[in-house]
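As given in TrEMBL:
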BINDING   Ile52, Ser82, Asp99, Asp127, Ala128, Asp145  S-adenosyl-L-methionine binding site
Amino acid sequence: MVESYSKNANHNMRRPVVKENVVQFLRQLLASQPHHLHELEIFAQKENIPIIQPEVAAYFRWLLETIRPKRILEIGTAIGYSALLMADSSKESTIVTIDRNPEMIALAKENFSKFDSRHQISLLEGDALDILPNLEGRFDFVFMDSAKSKYVVFLPELLKYLSVGGLIIMDDVLQGGDVSKPIEEVRRGQRTIYRGLQRLFNQTLKNPALTTSLIPMSDGLLMLRKNEEKVILKD
């Protein structure tokens, strides 16, 4: 049994912002994932480990097959599901993924050794705040699926490494609709996340150096395109 996530850790994955009957209808229409990814989906569900939802996985596959990024950066490896999905969807890409959870790192290494047949994925162990300043080169696509309150903290460093024209996608930014409420109506334990996401929205959604889209898929995706080399973030 995986010990890193409690029974309540996956709270917002059970609160999609799209009606449940619509979600189930969409999932019935989706093409099946390759066998190894389907195995990881089953494992994640059994162990209550957050991974991207099927409709997001299908969207990623379409997007990456379309844009074909050369270098991908991921913050939040977990068991390696999304990194393996991205590798399968964009076979010429190289992927750098970062995680600090020892249990997740061990599982991801095991999964990469079995399923990363083209050796596309490099796993960096540690806190992203420590690792990001020491990365080399530029990235064309960044996926963030880590601590939601840290998205706004990571963003300035990520933008330095993002190519002009590159994309950043951040997962679970609507928090089951909590972001639409006054803070007094949000559970106390979620208020740090709430504040961080509100800062993130303020810095990005009307920023002239970015093209942005907030997509109500799963628990919400924030998509950013970097249009200029210098991006100024203001609260």
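Each Cβ is built from the backbone N, Cα and C atoms, and glycine gets one as well.
Everything TrEMBL records as a feature, shown here on the structure.
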residue : record                               : CB count, 10 Å
Ile52   : S-adenosyl-L-methionine binding site : 26
Ser82   : S-adenosyl-L-methionine binding site : 24
Asp99   : S-adenosyl-L-methionine binding site : 26
Asp127  : S-adenosyl-L-methionine binding site : 11
Ala128  : S-adenosyl-L-methionine binding site : 23
Asp145  : S-adenosyl-L-methionine binding site : 21
>> Need the DSSP three-state call for Ala128 (S-adenosyl-L-methionine binding site) to compare against my parser.
In response: helix
>> Restricting to the record's S-adenosyl-L-methionine-binding residues (Ile52, Ser82, Asp99, Asp127, Ala128, Asp145), give me the longest CA-CA distance in Å as a whole number.
In response: 21
